[in-house]
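Here is the structure we will look at.
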Amino acid sequence: MSRIHMEEYYAKNQHTQISLFCGWMFRDSSHCWTKWHGQVNVATCDIRQGKRQKFDPKSIYLNDHAITSPAQLRNICGYVAQEDNLLPLLTVKETLMFSAKFRLRGMSPKEREERVESLMQELGLDHVADNFVGDEENRGISGGERKRVSIGVDMIHDPPLLLLDEPTSGLDSSSALQVIELLSSMAKTKQRTIILSIHQPSYRILQYISNLLILSHGSVVHYGSLESLEENISGMGYEIPIQLNPLEFAMEIISVLENQEPHSKYQSCSYLRWKEAIIQDGANKQVIDQAKAGDVSNARCSSLFEIAVLCSRFWKIIYRTKQLFLARTMQALVGGFGLGSVYIKMRNDEGAVAERLGLFAFSLSFLLSSTVEALPIYLQERRVIMKEASRGAYKISSYMIANTIVFLPFLFAVAILFAVPVYWIVGLNPSITAFVFFTFVVWVIVLMASSLVLFLSAVSPDFISGNSLICTVLGAFFLFSGYFIPKECIPKYWLFMYFVSLYRYPLDALLTNEYWSLRNKCFSWNDENHSECLLTGNDVLKNRGLDKDTRWMNIGIMLAFFVFYRVICWIILARKVSKTTI
């Protein structure tokens, strides 16, 4: 029978992560043992010094079979992080169904649905199957239910070994007890090995835990039952206070326990062997085969399937994110009608030339800055993406393509809502061709801005930093767009900003679109008799340095920026995912 284990790790000098690393995997679901070689001890020292080591294929053995890659480790392990990184606007069933689609690709849709239904019953979530997961801002299921959803997401592929990092953190005593009862039941009924870390467990929680592992600075202080811990403490001459359980008291005298002689055999993480049970040959072979399979199941399904599933999930999230949906719609309508009412029925004289330039410049600033509200959504998604992609659910490239496909029509609708009122209320170039091109430019502008925000969300640690970075970058682009400072007046060491500015190319495209078909039209005469023309459309373009029709070249550069920022975002996210082993 499998047992449920608990790691109570004691951290000094912020070495908590090292303690967890040294003791995070000890046995598989069939009571296998894991052997750590000397190379792990070296890696542990490097981690204490803040360095990262690549996965060492010689560091972990499962039943005398080496775990040769992180993919094999992910295939037999489920890992539930302390934070519940879930999408709040998906229901419980949808969350588990999307996880099943990614992790159980070899199953038919009916089999996946049956698996999800069975798992919801096992986790006690069938009564909230159609409720939103929710978060701090969006009301949804309770904290204990959300934790069970997190457990279900990482159990969907039925791993023989389940690891949990402080699953009771942030929960009230009743919810914490329910989670531990659930884990204990799964360990007994499903023959799973469950390893978890926990702080200050109550007596009621301790009764469900068969073995305790206490670590200090990466060294084993105690391994065994609660009764053996009590005996050990009593044998040292200590009396456990009535108000404390033995584990809590052990934390208070951890330094004494660490230095006691009987446990010197546990002091090194470099070699640990557990011999509590002998596995059956059939179970051993099943676990080993599952580990060797690695991520073969992931290769069964093409990237097209991943993209289709991600597109479906994206669309659900966008449709349900009322703040984003309504904000972008209202921004486009209010911005379009607002600017139209300010520049209503603009004249075609010399003064109107400067007004048109101001209209285009402000429209650019408005459109580029209007995408900032998507930053918190991207940041929230990033945590989920990092978790899912690092565990082989899908590739980052599939995510980027799906994100692009879903946002193309959404941002096109935004562009139309803005372009129609502005163009016809202001009275810009009456040509239908010019209007279509104007709308297309607006669409490419918001696409380009969306890519910039997506890229900056990948490098920003939080919303405040990301928002500040976006404002700084957009301000610099606007300054060097050529609207405030002509190209000739820009210092040489800042000239590169003129060529990478996201404002320059759409501004030139809009001006060319407005005046290219009106090159011979006169906007200012020398006298009332119109005997001499002082300013034509061609003069307006030359003053901006636009001697040729460069509209499509500017569009091409804008699309290149759109692709470039997404490619850079893909590289950054893929690199972060590659550094995550589980």
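Every residue, even glycine, has its Cβ placed from backbone N, Cα and C.
Look at TrEMBL and you will find 4-242 tagged as domain 'ABC transporter'.
According to TrEMBL, the transmembrane segment annotation covers 325-344 (among others). The list of residues near the transmembrane segment (325-344) in space but at least 6 beyond its ends in sequence, with Cβ under 8 angstroms from a Cβ of it, reads 318-319, 355, 359, 362-363, 366-367, 370, 373, 410, 414-415, 417-422, 424-427.
The feature transmembrane segment is assigned by TrEMBL to 356-379 (among others). Counting same-chain residues at least six beyond the ends of the transmembrane segment (356-379), those with a Cβ under 8 angstroms from any Cβ of the stretch are 317, 321, 323-324, 327-328, 331-332, 335, 339, 343, 346, 418, 422, 426, 428, 442, 445-446, 448-450, 452-454, 456-457, 460, 462-463, 466-467, 470-471, 474, 477-478, 481, 483, 502-503, 506-507, 510-511, 514.
If you look up TrEMBL, you'll see 400-426 (among others) marked as transmembrane segment. Away from its own ends, the transmembrane segment (400-426) comes close to residues 303, 306-307, 310-311, 314-315, 318, 328-329, 331-333, 335-337, 339-341, 343-346, 359, 363, 367, 435, 438-440, 442-443, 445-447, 450, 454, 566, 569-570, 573 of its chain (Cβ-Cβ under 8 Å, at least six residues beyond either end).
Feature annotation from TrEMBL assigns transmembrane segment to 432-456 (among others).
Among the features that TrEMBL reports, transmembrane segment is placed at 463-485 (among others). Long-range contacts of the transmembrane segment (463-485) within its own chain (CB-CB distance under 8 A, at least 6 residues past either end) are made by residues 357, 361, 364-365, 368-369, 372, 375-376, 379, 452-453, 456-457, 494, 497-498, 500-504, 507, 544.
Look at TrEMBL and you will find 552-573 (among others) tagged as transmembrane segment. Long-range Cβ contacts of the transmembrane segment (552-573) within its own chain (Cβ-Cβ under 8 Å, at least 6 residues beyond either end) map to 382, 385-386, 389, 396-397, 399-400, 404, 440-441, 444-445, 447-448, 451-452, 454-455, 457-459, 502, 505-506, 508-509, 512.
Over the domain 'ABC transporter' (4-242), the average per-residue pLDDT in this prediction is 72.
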